[in-house]
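To start, the structure itself, in structure tokens.
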Amino acid sequence: MAGVLFANLPCSLQLSPKVPFRQSTNILIPFHKRSSFGFNAQHCVRSHLRLRWNCVGIHASAAETRPDQLPQEERFVSRLNADYHPAVWKDDFIDSLTSPNSHATSKSSVDETINKRIQTLVKEIQCMFQSMGDGETNPSAYDTAWVARIPSIDGSGAPQFPQTLQWILNNQLPDGSWGEECIFLAYDRVLNTLACLLTLKIWNKGDIQVQKGVEFVRKHMEEMKDEADNHRPSGFEVVFPAMLDEAKSLGLDLPYHLPFISQIHQKRQKKLQKIPLNVLHNHQTALLYSLEGLQDVVDWQEITNLQSRDGSFLSSPASTACVFMHTQNKRCLHFLNFVLSKFGDYVPCHYPLDLFERLWAVDTVERLGIDRYFKKEIKESLDYVYRYWDAERGVGWARCNPIPDVDDTAMGLRILRLHGYNVSSDVLENFRDEKGDFFCFAGQTQIGVTDNLNLYRCSQVCFPGEKIMEEAKTFTTNHLQNALAKNNAFDKWAVKKDLPGEVEYAIKYPWHRSMPRLEARSYIEQFGSNDVWLGKTVYKMLYVSNEKYLELAKLDFNMVQALHQKETQHIVSWWRESGFNDLTFTRQRPVEMYFSVAVSMFEPEFAACRIAYAKTSCLAVILDDLYDTHGSLDDLKLFSEAVRRWDISVLDSVRDNQLKVCFLGLYNTVNGFGKDGLKEQGRDVLGYLRKVWEGLLASYTKEAEWSAAKYVPTFNEYVENAKVSIALATVVLNSIFFTGELLPDYILQQVDLRSKFLHLVSLTGRLINDTKTYQAERNRGELVSSVQCYMRENPECTEEEALSHVYGIIDNALKELNWELANPASNAPLCVRRLLFNTARVMQLFYMYRDGFGISDKEMKDHVSRTLFDPVA
């Protein structure tokens, strides 16, 4: 199989040096003055068809003489009947889409307002990125209360940080609690409130606040037993019982004898019994985050050996404050002063959050489809993360964090890799236990959904030979599927608007099926601007969960969709004017063909690329159907010769006018590509494009010959031809010159038919197509597909085994495609690599369940509608 998987397609295609563009002289068809990509371009209107055909002795258009209107003896009988359903998207619907000229004045005013708002939001978000320091987050009443406990180091008996005590007095909520007002979780509110009560009681301040706080705790404490375990803050069972004991000693009137409280005390005792003191004092563990709950077992001098470089204990102000009160450690005080210099009169539940903030902000703008506005900011953020990337251990939420976690490490590995940074998946070995299972950090007792989701997403960008990525994919897939099946896709690290929806999308549409526009549409609906995370208390990431991202994403999606609708109208108009509506043998799918590129190369700057891609796709489908189901073998050979000579007169002897419609559509469109390609690239590309089309038709002819002879090739022989006939290379190479990048030959050869990259695109596309079409093709008499060829070559093999073999080839090739996309050494522009990679991905989407192109009135109809026609609210 190595020959199939790795051999490059032989090709002698070379671009001509810069020469004046010449029109073919075989027939006189002048170029139109407008670009072939303009919305008013008309390459093949009916009157022109008649005129041109008259020039070569043909007196009727395809619209005037259909094959079923020919005399009986001249009527052609199709070799095969594919029997596809008619067009899903009718012309009247496409024509009804808002015209760019309707209500021009009011529409212009609205567009101007929207564009101004978009520009404002972009500037505001750019400022957010540029102002990222150690992390923007909300106050933690719990941690602020612990810092407020610290007595003055001058021995005056006053608080060392009086502003924090004043913050507590000023920030009690109306219900008597302390905590994040935007969300109510009983565990979180009671914990925050109890911490503030203890501090006020210690300083004998705020009697009224204490009374209201006690009433709140008494009223809500028992609610904790009914709250989901995943809403319990980190370290709760360690710190809360210890604080209750302290509250009791201070005389706070609380329901200490509730059965639920006794259960929490028992959990604490069991946990403490499991903690070897030598581990606590000699190893970096998550216990450092909650030392205030372990005061009765900690050796305070020994524990300072585990202090982080910034003076904190696992970035926790509460834990650090507790250590300081026991040790007077100056580095602890330095850390607390540092945090308060940032926030003034309060502290967050952990700080810094610099790596977490940057990675999640980048991920957010990418998933929402607005990352193109922030290329500079993304580069700066990822350079920052890479500066602190630990290839051996991974990373945590902050640069100084001594305990890496799989959540931040997996997110960083995936994003850095896709942006061309050299990062190894070996780092994931740090997050496995003796059984091979993955954990978030050492000593973890629960498996979270978000950390598994990020590890799952990371595993999708696997390179060849990365066993650990495959194992991570298997592990996380099982965990996430189980969570969905049990209706338990909720997390102990985050409270999100629609985490189950995120998980469901990720499982249904993994990386190689998840197209950018579909992901953006889905994430716009799932994104919560008030999402919160759970540490020791609820906390917000203000530069991650931010309403500005969502507003920009919605405005931008609808703006881009409006552009796509205009381009859809152009493609459908071109289809009609070329006479393709009247072809009786082909699938009427111009909208789906446009969708296949708009769903990935969606940005406005790729308009010309999209138009070329969609037109080429349409032509390839027409010619595929022509060679598959309509033309006689003799006529098809004449058609191929006409294309080789670029001369319609070769078809003079052919009575079937539909072949001439096909030729003129191809001829005019590709000549238009040549004209515009000369402008884009500064040299003639028409000869190059013609060679590409010749190669495609040669593959179609071979398949027609096989069909006529009922010949079944070997598996390798089939694949070598079929990866050409799938036409993905043709589609890519007819649109690649319109990405806005100059492509000299030394670059072009890295992505054209001479490259492994395009070979893999074609291979995966052909094979996934076969897995969903071979049965229908077999039922209508076609003998050749990868599945059938493999079974014929291996007669002992079952159909399921043959399919498994084909899927195995696809899986390996997709991993190689990941490498071709992300290869740091590649000279090919990223947008060009994206074009190839997304062509492979859209095939995985189209053929996910069935032949989504032939049968486009089911899942694909919804995808097309959500991408092109339904605006986001």
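Cβ atoms are placed via backbone N, Cα and C, with glycine included.
Annotated transit peptide per Swiss-Prot: 1-59, in sequence order.
Marked as substrate binding site by Swiss-Prot: K271, K492. If you draw a 10 Å sphere around the CB of K271 (substrate binding site), it holds 17 other CB atoms from the protein chains shown.
Following the DSSP three-state reduction, the secondary structure of D405 (Mg(2+) 4 binding site) is coil. For D405 (Mg(2+) 4 binding site), the number of other Cβ atoms no farther than 10 Å from its own Cβ, over all displayed protein chains, is 25. Per Swiss-Prot, the feature Mg(2+) 4 binding site maps to D405, D407; the stated evidence is similarity to another entry.
Looking at the motif 'DXDD motif' (405-408) alone, the prediction's average pLDDT is 96. Among the features that Swiss-Prot reports, motif 'DXDD motif' is placed at 405-408.
According to Swiss-Prot, the Mg(2+) 1 binding site annotation covers D624, D628, on the basis of similarity to another entry. Neighbour count (other Cβ atoms within 10 Å of the Cβ, all protein chains): 22 for D628 (Mg(2+) 1 binding site).
Sequence annotations record features per position, and here Swiss-Prot assigns Mg(2+) 2 binding site to D624, D628 based on similarity to another entry. In the three-state DSSP scheme, D624 (Mg(2+) 1 binding site) falls into the helix class.
Taken from Swiss-Prot, the feature motif 'DDXXD motif' covers 624-628, and the record attributes it to a curator's inference. If one looks beyond the motif 'DDXXD motif' (624-628) by at least 6 residues along the same chain, the residues whose Cβ comes under 8 Å of a Cβ in the stretch are 80, 82, 585-587, 636, 639, 658-659, 662, 697, 700-701, 703-704, 725, 727.
If you look up Swiss-Prot, you'll see N769, T773, E777 marked as Mg(2+) 3 binding site. If you take the C-beta of T773 (Mg(2+) 3 binding site) and look for same-chain residues 6 or more apart in sequence within under 8 angstroms, you find S785, Y847, D851, G854.
Same-chain residues at least 6 positions away in sequence with a Cβ under 8 Å from that of E777 (Mg(2+) 3 binding site) are, in sequence order, S785.
Summary of the Mg(2+) 3 site environment: with the site residues N769, T773, E777 set aside, the chain residues having Cβ atoms within 8 Å of the Cβ mean position are D770, K772, Y774, A776, S785, D851. Counting every protein chain shown, the Cβ of N769 (Mg(2+) 3 binding site) has 21 other Cβ atoms within 10 Å. Cβ-based neighbour count (10 Å, all protein chains) for K492 (substrate binding site) stands at 21.
The Cβ neighbour count for D624 (Mg(2+) 1 binding site), using a 10 Å radius over every protein chain in view, is 19. Other C-beta atoms found within 10 angstroms of the C-beta of D407 (Mg(2+) 4 binding site) number 27, with every protein chain shown included. Closest to D628 (Mg(2+) 1 binding site) in space, going by CA atoms and restricting to the binding-site residues K271, D405, D407, K492, N769, is N769.
On a Cα basis, D624 (Mg(2+) 1 binding site) lies 53 Å away from K492 (substrate binding site).
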